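Residues annotated as active site in TrEMBL: ASP232. If you look up TrEMBL, you'll see ARG71, ASP143 marked as substrate binding site. Residues annotated as Mn(2+) binding site in TrEMBL: ASP144, HIS256. According to TrEMBL, the feature domain 'Fringe-like glycosyltransferase' maps to 51-300. What TrEMBL lists as transmembrane segment is 12-32.
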Amino acid sequence: MNLNDTFQPTQGLTGCCISLLFFKQSCLFYVVNDKQRPKRQRWREMKPQPPLELTDIFIAVKTTGRFHKTRLALLLETWISKTKDHTYIFTDSPDEDVSSEGFNIVVTDCPPEHSHQALSCKMAAEYDHFMASDKKWLCHVDDDNYVNPGALLSLLEAFPADSDIYVGKPSLDRPMRAQEMLEGNKTRDVHFWFATGGAGFCLSRKLAEKMAPWASGPRFEQTSAVIMLPDDCTVGFIVERRLGISMVHSNMFHSHLENLLLLVPSDIPKQVTLSYGWFENKMNSVELKGVFTKDEDPSRFRTVHCLLYPTTSWCPVALKSALSWNQHVLP
């Protein structure tokens, strides 16, 4: 993977180590105590971080009851079948059919509307459930996104461990401009980048912990009300305005609000998320020939899934002996 094409580099830790030794894959830092110099010296062992695994990623899918049989069913059949144990479905309606299949469904008290209050209510639930878990990353997607687990892992493991990372794709070509409500019915202009929830985004645990004063419990919805904008904008506001941490822009996340026909087929397996939907009065999805017709698979999610995982039981027999896309392009 070319990291420069994937994300913008972030500032690393600065400092000075007097001496660095490597022994049995552990880093030993030689620390000198000024008060005890030169009589005594102290050693402190720094253990390396274990490699990131897919199960370290808390994948949150936001949906609503009326899409359980359509949008959600498609995801359960395709990519969620590969990430079942660590994917959590946040909805507003119970569904015994989904629960009985062993999927993690979280029924919130949020209303089913598409208002910014309802959307922020579900995002608050996602945040709180992630913080109560032992996962290292929170990745949010919508119910019209296809997540490529291999590409997601490749992206996140490229970031330094224990860093403040907020990565996704903005829907605008400029920072968001908003009015922040202040005391005394006053307002002030604010601007910040945000990653559109329709393409998906990820937060590292270290950054998520710093967001707690504005995101935990009822605070996320309260923060959303301060700028009168929906959930994804609120995340960007907290990260960039409250914490002063810059969003990492990545072109590997995709929403239905962009022209998905522009994605070159050979690049599709490298993308973290895909989407589909109506755009400019036409069905907007990636262009892939074969496997299934557009009538059979208008989203192209089944086609993508069979090219990534050709041995899936419902994929065409002709694909089962072929190399998957994962074997061609992913580590």
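Keep in mind that glycine also has a Cβ here, set from the backbone N, Cα and C atoms.
A simple Cβ count within 10 Å picks out one of the recorded positions ASP143, ASP144, ASP232 as the most packed, and that one is ASP232. Around ARG71 (substrate binding site), a 10 Å sphere centred on its CB holds 20 further CB atoms from the protein chains shown. Taking CA atoms as the reference points, ASP232 (active site) and ASP144 (Mn(2+) binding site) are 16 Å apart. In the predicted model, the domain 'Fringe-like glycosyltransferase' (51-300) shows an average pLDDT of 95. Note: the Cα of ARG71 (substrate binding site) and the Cα of ASP144 (Mn(2+) binding site) are spaced 6 Å from each other. Long-range Cβ proximity for HIS256 (Mn(2+) binding site), meaning a same-chain Cβ under 8 A and a gap of 6 or more residues, is found for ASP144, GLY198, SER275, TYR276, GLY277, TRP278, PHE279, ASN284.
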